Structure formats: structure tokens, C-alpha cells
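Student: Here you go, one structure.
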């Protein structure tokens, strides 16, 4: 399945968001937030959030800000 | 005492964390500022770098309350989603809500801001709206559930100081009991002192400290200016006059 992660194409086998993070190498302690197709997906709901071909996934991390 | 959503801050100087020459200089600036709050953000990180984790560890070590922002958002939807993501990552329901309406000035879109503030307040957020000094917009934001207002001094990063003194005075006078922070556009400590002398409760500075030749020294200078401005406001400044009035007594003056 081909999906977009932070605007980059990825061919993945994962079928849900939790599996995707695992496949991309994020461990369970990573301090990140996720959104799929523009909607926030809370950490506790990632395993129950299925991915579809062409899904737009955003993975965001803490960063400097003003 | 000023309470921001029930919390008294240790300092009236809020400091942004972006654009510093290095993480060490950032940490030094936060310490020397004695910042009451630091602002943070959420961004994509380059794959495999985990830069975000290192930054978060640094912020945790500084032990200063964080105020996440929605910088760069141009729509209600973007801002709301970013706020939800920030709440989870940073573990706070405080959000500095930015919805930008115009790219050259980074002027807030007041209409979208009010809408996003309403949605977020209903969802349990404590919203710090980055706004223009518009009185009607301020009223709408308060009605949308905001209990703090953050008018701009000048466009973000411009360093121009308080562009509309009349507007900022009017806003302060209209809502005397609402905690208000001047955010954006402050370039030098005298601008910060001026905002505090007007009765603003705090200022938020980033570029003016981060882009100074010596950010930590400038952070300290801002801290002193904020304190001086606050003291001056409490001490009730004299009225400005158009004509000179001698300060030395005229009675008893010699005729020579």
C-alpha cells in the first residue's frame, strides 16, 4: 500500500497507524503526535485506526517555536 | 497578582525558543530571562534525526511551563488539529492560537481566530489568542471563551515595537480585568518596558532575544525591562504635558 508520510511517498505493509509507526522505526516512547487525512488521531487510537491506499499521515514532533 | 487561567507565572516575561544559535545558548537565555513561560511548536522532523526528542529533553530540563503554538496555520481546521496534537505531545491544555490571514505581515485572521477559539474552548483548551488590537475582535474572543488576550505589538519578527499605541491603550482600558500579553514585534527592552507601563500583564519575546549578538545578555536585559515597566505601571506614572513646568521651585529665586 502506498501512503504519504509528511508528504513523502512510502510503500508500507502496515494496515493501521500503530503498525505504520512501528514499521517506520518509532518506538513506543517516541514523543510524537499523529494525524491522518487532516484529522488528529490520539495515541490510544492508533492501533484502531486503519490506513487506506493514498492516506495522508502527519507525524509531528516537539520543535522550537515563538 | 495576575492569573493566566488560574496560574500565576513566576515572571511576566514569556520567551520563544526558536532561532537561537544553539540549544546551549537557548537554555542560557531562558535561565537568564527567568522566563515565566516558554513557547514551543510542532513540526515534521527529518526522518531518523529524532531532533524533537532532544529538544523536548532540553525543555523538560529547564523546568519552565510550556505554551505550545499553532504557528503557520492559515485555517481553522489546521489550527484546531495542530492544537489537538500539541495537547497530546506537550501534556498541556494551554495553546497559543495563531491563525494567520496575510503572509507579508503574518497578521492574524480575526474571523478564523474567533471560530477556532470557540471550537478549542469547547474542547477544554485554555486559549491564548494571537490577535490584532481590534476591540470588537477582542470582545468576540472573550465571548468565544478566551480568558487571556495576546495582541500584537507589530508584525512577528519585525522588531518595530508598539505600532499602535492608541489601539493598545484602548484595548487595555476596555478590558481592565482580562490578563493581556503583548506578543510579537518587540525589538528592544524599551519596547517591552513600554508595554508593561501601559498596564499589559506580560510580554512575549522571541526574535529580539534569539537574534541579538548575545542572546543570554539580551534575555536578562528584557527581564529587567519587564520588571521596571511593571513597577512603573503600579507606581502610577505622571500625566504627559505639552508645555514645560519648572521642577525647581520658582519661589525664593534670586534676582541677579
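Using the three backbone atoms N, Cα and C, a Cβ is placed for every residue, glycine included.
Remember, predicted model here, so these are calculated numbers, not experimental data.
Below, the features straight out of TrEMBL:
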- B:5-249: domain 'Thiazole synthase ThiG' (DOMAIN)
- B:96: active site, schiff-base intermediate with DXP (ACT_SITE)
- B:157, B:184, B:185, B:206, B:207: 1-deoxy-D-xylulose 5-phosphate binding site (BINDING)
Student: Listed in sequence order, which of the binding-site residues B:185, B:206, B:207 sit with a CB under 8 A of chain A?
Tutor: B:206, B:207
Student: If you count the C-beta atoms lying within 10 Å of each candidate's C-beta, which of the binding-site residues B:157, B:185 ends up with the smallest number?
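Tutor: Among the binding-site residues B:157, B:185, the sparsest Cβ neighbourhood within 10 Å belongs to B:157.
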Student: Would you give the longest CA-CA distance, in whole angstrom, between residues of B:157, B:184, B:185, B:206, B:207, the set recorded as binding 1-deoxy-D-xylulose 5-phosphate?
Tutor: 9
Student: Does anything in the same chain, at least 6 positions from residue B:206 (1-deoxy-D-xylulose 5-phosphate binding site), have a Cβ under 8 Å from its Cβ, and if so what?
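Tutor: Within the chain, residue B:206 (1-deoxy-D-xylulose 5-phosphate binding site) has Cβ neighbours under 8 Å at B:15, B:16, B:17, B:18, B:19, B:39, B:157.
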Student: Tally every other Cβ atom lying within 10 Å of the Cβ atom of the residue listed as 'active site, schiff-base intermediate with DXP'.
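Tutor: Around the Cβ of the residue listed as 'active site, schiff-base intermediate with DXP', 28 other Cβ atoms lie within 10 Å.
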Student: Using a 10 Å radius around its CB, how many other CB atoms surround residue B:184 (1-deoxy-D-xylulose 5-phosphate binding site)?
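Tutor: For residue B:184 (1-deoxy-D-xylulose 5-phosphate binding site), the count of other Cβ atoms within 10 Å is 27.
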Student: Fill in the CA-CA distance, residue B:96 (active site, schiff-base intermediate with DXP) to residue B:185 (1-deoxy-D-xylulose 5-phosphate binding site), as an integer in Å.
Tutor: 16
Student: Would you count the other C-beta atoms found within 10 angstroms of the C-beta of residue B:207 (1-deoxy-D-xylulose 5-phosphate binding site) for me?
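Tutor: That number is 19.
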Student: Once the DSSP letters are reduced so that anything not helix or strand counts as coil, what is residue B:207 (1-deoxy-D-xylulose 5-phosphate binding site)?
Tutor: helix
Student: Restricting to the domain 'Thiazole synthase ThiG' (B:5-249), what is the model's mean pLDDT?
Tutor: 96
